[in-house]
Amino acid sequence: MTTPAVPTPPGSLAASTAHPFAASAAHPFAASAAHALDDLRARTPLVQCLTNEVTTNLVANALLAIGASPAMASAPGEAEELAGLAGALLVNLGTLGPDQRAAVEPTVAVASGAGTPWVLDPVAVGVLSVRTRLAGRLLAERPAVVRGNASEVLALAGLAAAGRGVDAGDDVDAAADAADAVARWTGGAVAVSGPVDLVTDGRTHVRLAVGDPLLTTITGAGCALGGLVAAFAAVTDPLTAGVGATTALGLAAERAAQVARGPGSFPAALLDELHALTSDDLAAHVGRAAHVAVLA
């Protein structure tokens, strides 16, 4: 299928090239991510979710477990009204039903006008033409964080992608330049999920070796991560939000995998571990799992 190209953000490259790095093994994110988790739980931000209908339950429960207050209203009219009240907004393009398609752009416009941070999860962008065109328009509204797999991020940057939707055919490293370009275009951050996750604001790369293979055996792990990123974005800057949320879900998954019998019991254990996660746990795991490099 040939899909229309998303307008290429300034700085996009026709082919991936390696960045020169100013090496830095130390990173400042352990304390900032831990502080964000404490702040999140103290403030209980309302996170509005225009999300994948298949995964609504897991997203809502993950938000509750981490300490946020989910709102899953997507009806036109209601969604826009709620966007002016929420602490953050998640827009996930996983299932674009008539109501969600009608509500997404007006809701994002209200959030942008109110200064509400919002997260774009561009599911299957680059594969399906309707959502590819929609994602291009949404990107112009400057999301605080874009969270997707490598293929989706490549497609957003106007690069060739071999995507299959939720599963990625491209490598995280191959999407690094695209992620930087999108982050510079939006002024926010981009979180690229993969075996080793990448979070970037176009100036700083944070690579995170977190998570467990069981995450790939359930529906909605990426959607839940999008919700967690939005919750963190309600209380901290976009880069810290991406790092904190990615590490929180990854650590919870690692611990849940130790007690789960398989993909049936894993989601319940994952929610338990998100709920039990402390800021000290998060700081320690960021310290172990995160490597930071500043782009020269």
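Using the three backbone atoms N, Cα and C, a Cβ is placed for every residue, glycine included.
TrEMBL: automatically predicted annotations, no manual curation.
Copied from TrEMBL, the annotated features are:
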BINDING   M72, G220  substrate binding site
BINDING   R147, S193  ATP binding site
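Highest Cβ count within 10 Å among the binding-site residues R147, G220: R147. For M72 (substrate binding site), applying a Cβ distance below 8 Å and a minimum sequence separation of six or more within one chain yields C49, T51, T56, V59, A60. Its own atom aside, the Cβ of S193 (ATP binding site) has 26 Cβ atoms within 10 angstroms in the protein chains shown.
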